[in-house]
Amino acid sequence: VAVKKIMKPFSTPVLAKRTYRELKLLKHLKHENVISLSDIFISPLEDIYFVTELLGTDLHRLLTSRPLEKQFIQYFLYQIMRGLKYVHSAGVVHRDLKPSNILVNENCDLKICDFGLARIQDPQMTGYVSTRYYRAPEIMLTWQKYDVEVDIWSAGCIFAEMLEGKPLFPGKDHVNQFSIITELLGTPPDDVINTIASEN
């Protein structure tokens, strides 16, 4: 088993909400490509411990150790998308999909983990989401109106990183991130830009 320690989860309202949300989601999400929660306990110091299955490494460590062969890339991407399909069908947006939140065992079985930033789908979302390299443009432009597509964008960024061996959009900040995206993908046509509404 693996044990995830959350120190002082009740020290702030934000941390308490995040811990509760992750616990609630892990309790209900049951899929072979999503980490499963087997137990939970609280220490006398009020630290919380999530007990999950043990997988040997994460995708980030694999990517930094050696290039991946194409058949592994295909199998990993298949499992990521399969796990996301299940998570999304449950009405959940992960919001922080990145290689270090994807666990892998010695049989190349893959599981999505770390649901601390995940949310039930809602017309009004919050802006604090996803590690910058894997952040969808709509979060940068209209951070309150996004949906499961942001996880698909992140999965695409992870796919490109598996192929290239490095992050596709390694932005230093929001502006640089968006600049790198438009340099690679081009500027959207005016009719697309005109459909983007921002309340920021």
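Going from the start of the chain as shown, residues are counted 1 onward.
Glycine too: its Cβ is placed from the backbone N, Cα and C atoms.
So that you can see what the record holds, here are the features copied from Swiss-Prot:
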- 1-200: domain 'Protein kinase' (DOMAIN)
- K4: ATP binding site (BINDING)
- D96: active site, proton acceptor (ACT_SITE)
- T126: phosphothreonine (MOD_RES)
- Y128: phosphotyrosine (MOD_RES)
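Neighbour counts of Cβ atoms within 10 Å were compared across the recorded positions K4, D96; the minimum falls on K4. Reduced to three states, the DSSP call for the residue listed as 'ATP binding site' is strand.
According to its DSSP assignment, the residue listed as 'active site, proton acceptor' is coil.
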